[in-house]
């Protein structure tokens, strides 16, 4: 009986992201007034303030908010840079999404707190899902999606991309995500793909949107990145390096510890320039403690 052909080192390495222990940790973006945003998110959305820190030597403060503890849930990391009161969100960033059992009531609560409702609650065109859209004080859009109880109410980050198939392939190969759903809406000239580590109703997903004929977007300076956990930033960095050679994108920080706190990370841009940071699982949990 012939021996099985040896597995090529690259092929074996590319299997790593599917075996790795990964989840979305947080999304980082900049705001012009930290206390104003904390007040809006806690009072209007029902998020909890999980931690807040001021770093005067580097002239910034940040706050972490979400619907559950950082050990298990996806959260937002808000960054305030001293003296900067507004940012350009750009045309590429789309929205965040929050799942709620009663979108109509949530919208009324947000309206009562002075929130800006940009789409009243109601079924999506041609469907039965109930959604609404609101803007926070900095102009970030939040989609509100009516869903039953879920372990992760902070359920989506939507980003626009110039080549959907290339982006899907990148997130599958570089980050081990699965394509959960792809929907083409020719009547509205766009296609969306949901990618992530579990089904939409169970966890946070990345929603990638392609608008027909649009290949580039402005990034602005408001939205920063998503952070994802890994058991091995070095091996994960090797995979990303291989995939960027094939599909585009680039590593912006080689794998290694952050000076001072020693949490191991690596960061990179996807082919559209959207940034992801991979964070060592054990280091992240140690940092929280």
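Counting begins at 1 with the first residue displayed.
The backbone N, Cα and C atoms fix where each Cβ goes, glycine too.
Because TrEMBL annotations are produced automatically, they should be read as predictions rather than curated entries.
Copied over from TrEMBL:
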- 23-147: domain 'VOC' (DOMAIN)
- 77, 95, 143: Zn(2+) binding site (BINDING)
- 143: active site, proton donor/acceptor (ACT_SITE)
- 153-281: domain 'VOC' (DOMAIN)
Fewest other C-beta atoms within 10 angstroms, as judged across 77, 95, 143, which are the binding-site residues: 95
Per-region confidence, the domain 'VOC' (23-147) (mean pLDDT, whole number): 96
